[in-house]
Amino acid sequence: MAADADSDSAAHRHDDANLPFASFSFSLSLRTPAVPTALASVPSTIHLPTQISTLAVCLHPSGSASSSPRRSGRLNAAASSLLSPFPASTPGLSRSFPSGAPAAAGRRRTLVWFRADLRLHDHEPLHAAVGASSSLLPVFVFDPRDFGKSPSGFDRTGPYRANFLLDSVADLRRSLRARGGDLVVRVGRPEVVIPELARAAGVEAVYAHGEVSRDECRSEERVSKAIEKEGLEVKYFWGSTLYHLDDLPFRLDDMPSNYGGFREAVKGLDVRKVLDAPEEVKCVPMKNVLEPGEIPTLSELGLTAPPAMAQDSKPAVGSTIIGGEAEALERLKKFATECSMQPNKADKNNTGDSIYGANFSCKISPWLATGCLSPRFMYEELKKHATRAITSGSTPNNCDGTSDAGTNWLMFELMWRDFFRFITKKYSSAQKTSEVAPATGCTPTPVLA
């Protein structure tokens, strides 16, 4: 009996010893969600998402009965912020958030650098940033080097193209503001402007679309070096072609140097699904920190406004074209609808007016070139309005004479565009230039039945 009593007494003492720890742990788990409210009055210059996330991590696994847990939490949070420039990657951070909540967003700020991708639909850097960040800083930079003279004495960017670009940037800003965000606009060298904005806004990553030409790739390298010196992440995405670079059935170095070989290689290749435009864009608070900036005028870019009328008193070419994603989507919708209602473009007996215009063109190239329109989105829209399926690798002629030859012809042109961009990417590396054969456009002429 005495032994049993001693055993019961020991068990009670053991249970009593555990009670304070259990009570303390339960208390902390109840108070943790209230931390953001308690810190709501902290000045806006402090990175609230970073400190809140780190503080939650420090408090949640803590099992010690410290006499000053709140003070200890602040010290640990500060130390963790100094040691880790990416709190989102701190081990165990996801445990601070309920399952299914935006914990995976990492609670960090991301700068999205818009370039030749002036749209919200099918924009992978923007889509990835929305999913990986608590707030964004959309930025567009007018690089003065793009508006000077080339070594040959020609304008790098003419007044009509520059005016189209200004329209497109203004439209992008309107679209972002309609979703609760904004677009920061600056004039300067990206390798200087981007790091300055990153420091001012306290961002921890820079996302952008990669380009293909030598000058654009060099610009990316300069920006990457400047960003990495700040200890920030920089990531480039591929998104300017119908087919994704990672989906090609060959290494870029082994890409066929003629269009015929390229078309055969990608025949039947799937086109990736279009990414929807975000319904909401939460931007970094800019009040008292950053000014959105004004979109420059042509004269501020060193250009003279082009004449609205040509010498023959007719509207000058390019003077009536409006840039921007909204205009691009409207034109594509109209073109796709009319295309499905018109006779076959390849029909020799077709003598009626054509929607392709005097130059037999859909005239959507300017919006594709500035990224106001995604080639994948264009492909999807054409498929919706076609009465028979558009197949990848198809020729511009349907032997049965159906009216879908027009949409297949557009697919054919988009593939040519892909070929030129991929081949430019292949040759844009100076180290590879001497190792590859010259590119040609040689391909068998399709027989029109």
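Backbone N, Cα and C define each Cβ position, glycine as well.
Sequence-distant neighbours of S365 (FAD binding site): no residue of the same chain at least 6 apart has a C-beta under 8 Å from its C-beta. For S361, C362, K363, I364, S365, E413, L414, M415, W416, R417, D418, F419, F420, the entry in TrEMBL reads FAD binding site.
The domain 'Photolyase/cryptochrome alpha/beta' feature in TrEMBL is assigned to 108-242. According to DSSP, the secondary structure content of the domain 'Photolyase/cryptochrome alpha/beta' (108-242) in residues is 61 helix, 30 strand, 44 coil.
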Spatial neighbours, same chain, of D418 (FAD binding site) - Cβ under 8 Å, 6+ residues apart: T241, L242, Y243, F262, V266, P375
